[in-house]
Amino acid sequence: MVHLVGSLRKELADSLSTCSVLVVGAGGIGCELLKNLVLTGFKNIEVIDLDTIDVSNLNRQFLFQKKHVGKSKAQVAKESALQFCPSANITAYHDSIMNPDYNVEYFRKFILVMNALDNRAARNHVNRMCLAADIPLIESGTAGYLGQVTVIKKGMTECYECQPKPTQKTFPGCTIRNTPSEPIHCIVWAKYLFNQLFGEEDADQEVSPDTADPELAWNPEDTAARATASEKDGDIKRISTKEWARSTGYDPVKLFNKLFKDDIMYLLTMDKLWKKRKAPTPLDWQHLENSACPQEDSPVSGLKDQQVLGLWGYCQLFQHSVETLRSQIQEKGESAELVWDKDDPPAMDFVTAAANLRMHIFSMNMKSRFDVKSMAGNIIPAIATTNAVIAGLIVLEGLKILSGEIESCRSIFLNKCPNLRKKLLVPCILDPPSANCYVCASKPEVTVKLNVHKTVVLTLQDRILKERFGMVAPDVQIEDGKGTILISSEEGETEANNNKFLSDFGIRNGSRLQVDDFLQDYTLLVNVLHTEELERDVEFEVVGEAPDKAPPPQSKPEEVNSITNGNKDSSQPSTSSKVQAEDDDIMIVESDEEEGASSSSAPATSATKRKHPNTGGDETSVKRPRTEQTSTADDDDDIIALD
């Protein structure tokens with residue numbers, strides 16, 4: 001006779017009360033997940049999140065209240081979850097999971113890791129740490145009404161990085177407001193600005209500098225005081241961006257100097273943001289007007305929409321578009337609101353001008369109106385119910401793992417509309433590891449096409465190894481028979497190399513670089529393919545994949561056991577729809593891929609250095625959905641493509 005404790009077998013209930021689990025992220029999914037874990041019977045939980053609570057979180061992150069604004073998400077989530085189960089042992093960290101303190105040994109403390117993250121860099125990092133520690137990982141994400149949960153286990157399943165991902169289209173608010181690094185960040189900011197000035201104001205679309213940026217100094221006393229202060233106005237008259245703009249009569253010059261001079265100068269006072277980034281450069285209307293070149297007004301050959309204007313050209317476009325939009329508002333009446341439409345010329349001119357001015361401030365290559373329009377898509381908001389469903393599925397997959405039934409785990413997709421079999425939840429069999437994965441293959445290896453005479457060491461380090469391949473602190477050794485060290489993770493050791501070209505170190509077509517990231521316990525062999533035929537503004541290409549394009553999803557039949565709980569005997573077969581959900585925050589869709597910011601300058605050095613042992617067989621990944629199909633051809637109508 002099966003012994004039950006509540007709805008669980010006694011053995012499983014005992015396991016929950018003694019095992020340790022890690023939750024990474026305490027936002028939309030994380031709040032729901034933490035509540036589910038303590039109510040299910042998990043007793044030893046560690047939760048980590050670098051973010052602080054914002055007013056815009058309160059509509060869906062139900063563990064937080066207005067009095068918590070400005071405080072640590074992880075700490076408040078812990079305190080709120082303990083009210084559901086005071087006997088639980090929850091440890092909260094207001095920190096980044098990418099901090100070197102959370103090394104492989106730290107991850108080995110847990111029987112299971114659950115991701116509730118909102119950015120790809122952190123997802124990649126946790127994926128690698130779980131592979132190195134050989135700990136099961138449950139990955140998840142939501143986008144509007146769509147959601148996904150999948151299980152990653154070394155040697156058994158694909159890892160999160162087995163399949164190339166499209167360019168990330170969701171971004172933390174502090175990135176948009178404080179530290180944009182790609183043109184799409186500036187375009188999203190410009191769209192938010194349009195709504196703040198002319199459309200329906202939204203607390204989630206603030207454009208002013210974010211003083212609660214997690215990268216800034218965090219002091220519990222300061223944030224507690226700020227949360228208290230937010231309850232009262234004191235002697236300060238708080239007005240919205242729209243109210244301020246109206247008070248100026250929508251004066252284009254005053255708007256320009258506020259947005260592109262005063263706000264940027266305020267950002268520069270947040271000196272911690274600029275220790276490892278290039279600081280932004282404020283713009284002043286009067287100075288630009290006095291130094292404008294007549295040539296900027298001369299016609300350029302080619303289609304007008306595909307021309308990239310000069311700096312003063314975008315200043316004039318900003319002025320003209322503000323004046324046009326101001327006239328539209330006045331015609332409609334004092335309380336009128338405009339709706340942004342990429343096919344509305346004045347609205348598109350405004351976003352093009354504002355985005356390009358911000359790109360220039362943050363040292364990025366400016367874009368044509370055509371490029372900006374192609375990247376400016378729709379925004380899908382976060383939905384509280386979707387987060388709740390996905391958090392529940394995470395726990396159910398976790399119960400399977402703790403029951404020793406990992407082979408019955410599934411990737412589960414939540415669709416917006418029922419399919420032909422009236423199913424919203426669609427389970428898919430987990431794919432095996434990809435033999436070509438540059439993370440979990442037994443000997444990870446990639447080929448990178450670049451120009452060795454134009455690529456500097458800093459570009460290799462920041463743009464290729466850190467940004468493209470997700471490393472945190474890479475060490476690079478040239479396989480030249482001498483063990484030349486090109487990049488060292490030890491501060492200052494190879495800094496003199498940063499602005500030297502790769503060719504200065506004898507790197508040429510066919511050279512091989514051994515790259516080690518000791519924090520991630522990860523080694524990658526990089527084959528260099530020299531070329532002088534890269535497209536304009538393209539610094540490098542990874543051979544074997546179209547830049548920033550994910551492969552098309554593949555449909556395969558499957559037998560499905562269960563998606564309802566951790567027991568095999570509760571099977572719910574269903575028909576699959578393809579979904580790839582990325583983040584539990586806003587999502588930008590219908591965007592073309594864009595090149596990143598302007599290339600950094602970089603250098604290199606030589607020396608001999610320790611070698612990192614290759615750990616071999618790291619294998620696991622996030623699911624490229626496979627559909628269970630009946631013989632009905634119409635099932636394709638149910639497919640929802642996301643990302």
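Using the three backbone atoms N, Cα and C, a Cβ is placed for every residue, glycine included.
There are 30 other Cβ atoms within 10 Å of the Cβ belonging to G25 (ATP binding site). Taken from TrEMBL, the feature ATP binding site covers 25-30, D49, 57-60, K73, 96-97, 118-123.
Here TrEMBL flags C159, C162, C437, C440 as Zn(2+) binding site. Counting Cβ atoms from all protein chains shown, C440 (Zn(2+) binding site) has 27 others lying within 10 Å of its own Cβ.
What TrEMBL lists as compositional bias 'Polar residues' is 561-579.
All protein chains included, K165 (SUMO1 cross-link) registers 18 other Cβ atoms within 10 Å of its own Cβ. Sequence annotations record features per position, and here TrEMBL assigns SUMO1 cross-link to K165 (among others).
The SUMO cross-link annotation in TrEMBL covers K191 (among others).
Feature annotation from TrEMBL assigns SUMO1 cross-link to K237 (among others).
Counting only same-chain residues six or more apart in sequence, the Cβ atoms lying under 8 angstroms from the Cβ of K258 (SUMO cross-link) belong to W244. Per TrEMBL, SUMO cross-link is recorded for K258 (among others).
The SUMO1 cross-link annotation in TrEMBL covers K416 (among others).
Among the features that TrEMBL reports, SUMO cross-link is placed at K623 (among others).
Ranked by CA distance from C437 (Zn(2+) binding site), the recorded positions G25, G28, D49, N119, K165 have K165 at the top as the closest.
Within the group of binding-site residues (A122, C159, C437), the Cβ with the highest number of other Cβ atoms inside 10 Å belongs to C159. Around the Cβ of D49 (ATP binding site), the number of neighbouring Cβ atoms within 10 Å comes to 27.
It is K191 that, of the recorded sites K191, K416, has its Cβ surrounded by the most other Cβ atoms within 10 Å. Separating the Cα atoms of G28 (ATP binding site) and K416 (SUMO1 cross-link) is a whole-number distance of 18 Å.
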